[in-house]
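TrEMBL has this to say about the protein:
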DOMAIN    B:165-354  domain 'ABC transmembrane type-1'
TRANSMEM  B:41-63  transmembrane segment
TRANSMEM  B:104-122  transmembrane segment
TRANSMEM  B:134-156  transmembrane segment
TRANSMEM  B:162-188  transmembrane segment
TRANSMEM  B:200-224  transmembrane segment
TRANSMEM  B:236-256  transmembrane segment
TRANSMEM  B:310-328  transmembrane segment
TRANSMEM  B:340-358  transmembrane segment
Amino acid sequence: MENPLIQLANVNKWYNQFHVLRDIDLEVRRGERIVVCGPSGSGKSTMIRCINGLEAYEQGTITVAGERVDQDDDNIEKIRQRVGMVFQSFNLFPHLSILDNLTLGPIKLKRVPRAAAEARAMELLERVHIGHQALKFPNQLSGGQQQRVAIARALAMEPDVMLFDEPTSALDPEMVKEVLDVMIELAGTGMTMICVTHEMGFARAVADRVVFMADGAIAEVGTPDSFFSAPRTERARQFIQQVIH
Amino acid sequence: MTNAATLPAGRARPTPASAAAPAGRILSWLRRRIFASWRDAVLSLSVVAVLGAIAWAIVPWALLDASWSGASRADCTGTGACWAFVAAKAPQFVYGFYPPAERWRPDIALALLVFGLAWLMVPRLPGKRYAGLFMMIVLPLATVLLLHGGFGGLAVVPSDQWGGLLLTMILAVSGITFSLPFGVLFALGRRSRMPLIRWFCIGFIEFCRGVPFLTVLFMAIVMLPFFLPSGMKPNPLALAVAGIIFYEAAYMAEVVRGGLQALPKGQYEAAMAIGFGYWRTMLHIILPQAVRKVVPGVVNTTISLLKNTTLVMVVGLFDLLNIVSAGVSDPLWAGSQAEGYFIVGLVFWLMSFGLSCYSRAIEAGFARAERS
Ligand SMILES: Nc1ncnc2c1ncn2[C@@H]1O[C@H](COP(=O)(O)OP(=O)(O)O)[C@@H](O)[C@H]1O
Ligand SMILES: [Mg+2]
């Protein structure tokens, strides 16, 4: 079998005394779509932020495409270029136009000529359905539009995998669908995705596996159907009850 | 995006007054802006009274009763200002003791400065990055070479002959150009993860903020010779320039730090998640936003820098203020203090006001770009 694109082996992390990640083992194959869910504070954000080194971990190993994720600057910067990330709060660069938000990384980090970077950026903006907004600034867009730009910005670096940390939970309800639709389209292109989200519809539509976390540990892994209709643990059952309402 | 239809009702533009006749328009403006209530009216009228009193005091002295020409104070027979003094001393006020035959050299340096400023400030001109390099590298080198001379047939003019407005401009322009970049470095150093760098920057910043500029200059000119090989004397101008740059950089650092702290953590994380390292994150993402947030503070510090340049007299330099003081003590022109200091004040006010206007233009430009 092909080596996993992402591998977390026996990962442990503490915030001072607080054991935030406990013996995390997870392998993600290229092209696989993982949905991570679990109660608030269970360590979901911490886990995916360890994958691109935004958080350090104390024990175990994380590898991305065989490269070990550690705090060595050169190494982690290379890895981050291959791992796209979308945040709950969009985090677009407000002083740059939408187009420049997308082209800055490719131009400065990959030495892509400006014209080529802009052509590619326009393609991506079309893909997330905001091509006509390219010259506006982030503050002029709605939340849903900003989040779609953020997805396009991450894609502009041509990553091997995309991490999503609750991409729709800061959005007004009427904007959630436009972002999820873009993510579903992205899944259709074969992109490897790890999504922290509580959107069950999205999980059922695209996830190969659902990872359920509780108290810093992975409590349960299963296909969306088996997880949502027949959870094995009591914690998962309670959680699903809450999410449905 | 923002057209009249989408504006909330409360923010709709007032109907254009162009329909009304000019006189009616003025009356309606007065009614709305000056006499809207009796309190507004009292306030407005008091302001008008104060302004009127000031003009009443100055205009006759400065213009109506002034004498404009003459060869000494005795020729000034009017009861007002004796501008003949300023006219006679103008070349010295501008160039100091720079030899008259060589004054085309500072003129060229000034032309270079104007060229660089125009390049930097006129929005339509391209290549802003090169304009920055021009101001920070080409202009200082060219100015020093040109003013000093000693090559290609140019006579040497040692820096103790540079003076007046020329000297003030040298101090101000070099201070303004370099204090912000160094201030940014100190601000970043103050937040560095490396303790030695952090301690050094904190120590430096707090030292400068705790000691008057005059003291710094004085200590430098008195104490530096002890550390230099005997016989080597520090150049007072170089000392003053370095002193101004680093002293003001400490203040800039604190201004910039305020902007850095105001940025949400998400901006750092988004930049890092794309793969930017520390310097690229700072250069492309963090600093442009941080500096935009603190333009008023930067300009404030710049204006105080401008006025601090007058303190270089303690190291024996003749800046505009000092050279006017010297001119005032000329027996031929005894009693011309008022005129001399009026002009100094006017020149400094014009420069500071220019900076203020430029700063407001910059802020308006940013606001337009982001429309936040
Ligand atoms: N920087 C931090 N310092 C201390 N505790 C933290 C920090 N960040 C997160 N935590 C704690 O770690 C736990 C997991 O947080 P997080 O990964 O954000 O959870 P989730 O994303 O699942 O809601 C929470 O209890 C949170 O309070
Ligand atoms: Mg979270």
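The backbone N, Cα and C atoms fix where each Cβ goes, and this holds for glycine too.
Looking at B:41-63, B:162-188, B:200-224, the range that has the most CB pairs within less than 8 A of the transmembrane segment (B:104-122) turns out to be B:162-188.
Panel annotation: around the transmembrane segment (B:162-188), residues 92-98, 106, 110, 113, 135-136, 139-140, 143, 147, 201, 204-205, 237, 240-241, 244-246, 248-257, 260, 282, 287, 291, 298, 301-302, 305-306, 309-310, 312, 317-323, 347, 351 of the same chain, lying at least six beyond its termini, place a Cβ under 8 Å from a Cβ of the stretch. Under 8 Å from some Cβ of the transmembrane segment (B:41-63) lie the Cβ atoms of residues 34-35, 80-81, 342, all in the same chain and six or more residues away from its ends.
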